[in-house]
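Data block below; observations after.
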Amino acid sequence: VDHYTYCILGDGCQMEGVSNEACSIAAHWGLGKLIALYDDNHISIDGDTDIAFTEDVDKRFEALGWHVIWVKNGNNGYDKIRAAIKEAQAVKDKPTMIKITTTIGFGSPNKSNSYSVHGSALGAKEVEATRQNLGWPYEPFHVPDDVKKHWSRHTPQGASLESEWNAKFAEYEKKYPEEAAELKSIITGELPLGWEKALPTYTPENPGDATRNLSQQNLNALAKVLPGLLGGSADLASSNMTLLKSSGDFQKNTPEERNVRFGVREHGMGAICNGIALHSPGLIPYCATFFVFTDYMRAAMRISALCEARVIYVMTHDSIGLGEDGPTHQPIEHLASFRAMPNILMLRPADGNETAGAYKVAVQNLKRPSVLALSRQKLPQLPGTSIEGVEKGGYVISDNSSGNKPDVILIGTGSELEIAAKAGEVLRKEGKGVRVVSFVSWELFDEQSKEYKESVLPSSVTARVSIEAGSTFGWGKIVGSKGKAIGIDRFGASAPAGKIYEEFGITVEAVVAAAKELI
């Protein structure tokens with residue numbers, strides 16, 4: 001684990017906002033083993049970069065705090081590039097950018113240094129002309145003997161280096177068995193036996209709390225048993241409740257700490273967490289902001305899903321329940337949009353047990369990220385919720401019917417599960433057979449057996465009401481054409497949480513009325 005990290009940049013990368021976010025914090029952290037090789041060819045898809053990009057990149061990176069090296073002839077100045085890398089490796093206290101000026105399509109007699117070669121193939125005729133121009137007589141995919149010889153020597157060199165490292169680690173393991181075991185678990189990704197026992201459990205007698213606060217309890221409990229758990233917030237730690245109380249801040253002079261201060265860099269934060277997750281199976285990064293601000297980092301979250309990276313996205317202030325901050329801060333379409341994204345778990349817990357269950361699921365899923373949507377407002381600890389239920393995605397928390405034939409099924413998520421439960425009580429007093437279902441994760445429920453899904457949502461029962469303080473988009477799949485989805489299909493408003501729930505019709509009374517219409 002004493003390696004360097006190399007990053008390849010193009011002109012387009014330098015224009016993207018996320019690169020500035022990442023490069024800014026890399027310099028702040030003094031990441032001396034990060035070396036970026038910038039292919040400076042001044043060509044973009046639409047033409048010369050002069051049409052949109054004229055800044056002095058060298059000075060910008062120097063201002064950020066990077067060491068900057070310029071290789072003026074990148075087409076065949078191999079010795080200069082090699083020397084630049086050695087110089088970069090010698091700089092220990094800051095990252096290095098090596099700007100390598102090149103000609104795009106170098107060697108092509110008709111298309112070099114033109115934007116036509118940026119995103120298109122040369123074509124058979126131009127490939128042949130390029131081969132002749134470069135003096136390359138070999139057949140396609142042929143590797144000349146001198147290249148084979150140069151390349152093949154790296155195999156025994158690599159084996160020797162690996163053997164040396166393993167011997168060094170074996171010696172370290174004898175001297176420091178506990179530290180070695182911890183390091184090995186981070187390298188292999190093997191979870192400690194019984195780690196899930198650290199998750200707190202709750203009863204209805206426990207005081208109610210916002211799920212963001214319950215999330216912090218779970219994070220701190222897990223940090224004691226999962227040494228690879230680390231993360232932080234985009235300048236909202238005191239609101240997202242993501243601080244690990246047993247750790248200090250990860251900074252240039254304290255790299256052993258686990259609280260990461262990402263600053264207001266949502267996109268960069270997500271991208272950094274992807275890198276952490278993909279570096280070692282035993283590293284479990286989490287990052288946090290308000291749920292609505294996932295709009296600033298959605299590209300990184302999509303990459304998490306695409307790359308099968310176990311990143312835990314802790315997203316608080318998950319609905320109109322956040323109150324007076326109003327529609328700019330109130331997520332509406334976000335739950336639906338993440339449910340539409342492949343290979344990502346969207347989890348919306350209702351109380352302490354479900355929050356613990358969400359964290360158990362997030363840690364266990366090695367090949368996909370998880371998004372936890374958490375409330376700002378206080379919620380009760382509900383009867384019938386469980387960690388095991390969350391693992392199924394959807395499950396029954398209460399039911400007074402028999403024979404898997406309730407008169408109506410009320411389906412709630414997160415803060416609205418309480419509304420579903422209270423509406424169920426009202427209807428039962430009126431003699432109705434009511435099943436209340438917590439639907440924490442659509443994705444997990446979809447993965448259950450047909451028999452299990454039928455036991456929760458029997459196909460014979462078409463009287464179904466869903467309650468969620470977000471877009472109703474997609475709920476037709478759950479409630480069916482004869483059911484009713486109660487939600488919000490417009491932007492929110494600035495008002496106290498209780499008042500705004502009434503104004504938007506997300507109330508016990510509205511659920512009861514909808515259920516009666518369907519029965």
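We count from 1, first residue shown onward.
Each residue, glycine too, has its Cβ placed from N, Cα and C.
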Hey, Swiss-Prot has thiamine diphosphate bound by Asn41, His118, Glu266, Phe293. Any idea which of Gly12, Gly323, Gly326 it lists too? Gly12
Substrate binding in Swiss-Prot involves His118, Arg212, Ser239, His317, Asp325; of Arg82, Arg368, Arg376, the partner in that site is Arg376
Taking Swiss-Prot at its word that Asn41, Ile43 bind Mg(2+), choose the one of Asp11, Asp50, Asp56, Asp58 listed for that site. Asp11
Can you count the other CB atoms that lie within 10 A of the CB of Asp325 (substrate binding site)? 15
Count, for each of the binding-site residues His118, Arg212, His317, the other C-beta atoms lying within 10 angstroms of its own C-beta, and report the residue with the smallest count. His118
Would you mind reading off the Cα separation of His317 (substrate binding site) from His118 (thiamine diphosphate binding site), to the nearest angstrom? 43
Out of these binding-site residues, Asn41, Ser239, which one has the fewest other C-beta atoms within 10 Å of its own C-beta? Ser239
To the nearest whole angstrom, state the Cα distance for the pair Arg212 (substrate binding site) and Asn41 (thiamine diphosphate binding site). 47
One of the recorded positions Ser239, Glu266, Asp325 has its Cα closest to the Cα of Gly12 (thiamine diphosphate binding site), namely Glu266
